[in-house]
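See structure below.
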Amino acid sequence: MALLIITTILWAFSFSLFGEYLAGHVDSYFAVLIRVGLAALVFLPFLRTRGHNLKTISLYMLVGAMQLGIMYMLSFHAYLYLTVSELLLFTVLTPLYITLIYDVMSQRRLRWGYAFSALLAVIGAGIIRYDRVTDHFWVGLLLVQLSNISFAIGMVGYKRLMETRPMPQHNAFAWFYLGAFLVAAVAWSLLGNAQKLPETTLQWSILVFLGVVASGIGYFMWNYGATQVDAGTLGIMNNMHVPAGLLVNLAIWHQQPHWPSFITGAAVILASLWVHRKWVAPRSAQTADDRRRDPASSE
């Protein structure tokens, strides 16, 4: 849980840094390429094939391509249509995607308690930024939702792989980032605009920070933390970036939120986490234990 909180704080700066200094100035495909390329370099020394078959390696590369490569390309392009605060708002459905996709991958029936606690988090994040949208609402909304789904598939896929095809986390992330880099390299070669490369030291510095720290270290901490909690807690923590990101926007770029809705929404998100950990997760665990005992007692 602590790793998820630390990463949320770290990522709160990423939204504003990209939105304020790179979006519209630097080609989004190049930004993705550099960001995941630097992250891949961080973990390149841990790339190992011994003891892991080709299918397992390919699956870790696939979840990296989904969670980072494709997700970044969609979300970075969305910055052309949305403000930072609007983009933050439109990510609030991610907890629902995480919960639903985890149940599908686990071949389980939908756990309505998990969906309920995730829905509370969605409501809380929505309260924070309900008041205004731009003319590009529908295009931005579509791009961000596709990005959210890609992120959720990758994150849940990584969690499931660690449950079914485990390998040391640092080795797994070496393949994870390599998968993301390959997707980004293909996209840049086909769609990139070489006329819109970074021109200032500040832009390059931000890209290095986003690649090495926010992506390289941040996603490792996030996905490692994801293996330590249940899917419901994971989905709710994913929505904490909304108030965190808006606070950073306020503190550094002096963007003023609507304080009553901000405080109310943040409180609802925190309440959803408390409800989930207090009631939903224990009840789900108890139900699973009961189901395991029933076949044994019938024998």
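Just so it is clear, glycine is given a Cβ too, placed from its N, Cα and C backbone atoms.
Residues or ranges marked as domain 'EamA 1' by Swiss-Prot on the basis of sequence analysis: 3-128. As a whole-number mean, the pLDDT of the domain 'EamA 1' (3-128) in this prediction is 86.
Mapped onto DSSP helix, strand and coil, the domain 'EamA 2' (139-274) counts 112 helix, 0 strand, 24 coil. Summarising the annotation, Swiss-Prot assigns domain 'EamA 2' to 139-274.
Annotation comment: Swiss-Prot describes 2-22 (among others) as transmembrane segment, evidence class sequence analysis.
Feature annotation from Swiss-Prot assigns transmembrane segment to 26-46 (among others).
Per Swiss-Prot, the feature transmembrane segment maps to 56-76 (among others).
Sequence annotations record features per position, and here Swiss-Prot assigns transmembrane segment to 81-101 (among others). Listed by sequence, the residues of this chain that lie at least six past the ends of the transmembrane segment (81-101) yet keep a Cβ under 8 A from its Cβ atoms are 15-16, 19-20, 75, 110-111, 114-115, 118-119, 121-122, 125-126, 128-130, 133-134, 136, 139-141, 143-145, 147-149, 151-153, 155-156, 231-232, 234-236, 238-239, 241-242, 245-246, 249, 255, 257.
Among the features that Swiss-Prot reports, transmembrane segment is placed at 110-130 (among others), with the record citing sequence analysis.
Beyond the transmembrane segment (137-157), the same-chain residues lying 6 or more positions past its ends with a Cβ under 8 Å from any Cβ of the stretch are 59, 62-68, 70-71, 74-75, 77-78, 81-82, 86-87, 90-91, 93-94, 97-98, 101-102, 105, 222-223, 226, 231, 234. Residues or ranges marked as transmembrane segment by Swiss-Prot on the basis of sequence analysis: 137-157 (among others).
Per Swiss-Prot, the feature transmembrane segment maps to 172-192 (among others).
If you look up Swiss-Prot, you'll see 202-222 (among others) marked as transmembrane segment. If you look at the transmembrane segment (202-222), the same-chain residues 6 or more away from its ends with a CB under 8 A from one of its CBs are 3-4, 6-7, 10-11, 13-14, 17-18, 21-22, 25-26, 31, 34-39, 41-43, 67-68, 155, 169-170, 173, 176-177.
Per Swiss-Prot, transmembrane segment is recorded for 233-253 (among others).
What Swiss-Prot records for 256-276 (among others) is transmembrane segment, and it gives sequence analysis as the kind of evidence. Long-range neighbours of the transmembrane segment (256-276) within the same chain, counting only residues 6 or more positions beyond its ends whose Cβ lies under 8 Å from a Cβ of the stretch, are 85, 114, 117-118, 120-121, 123-131, 232-233, 236-237, 239-240, 242-243, 246, 250.
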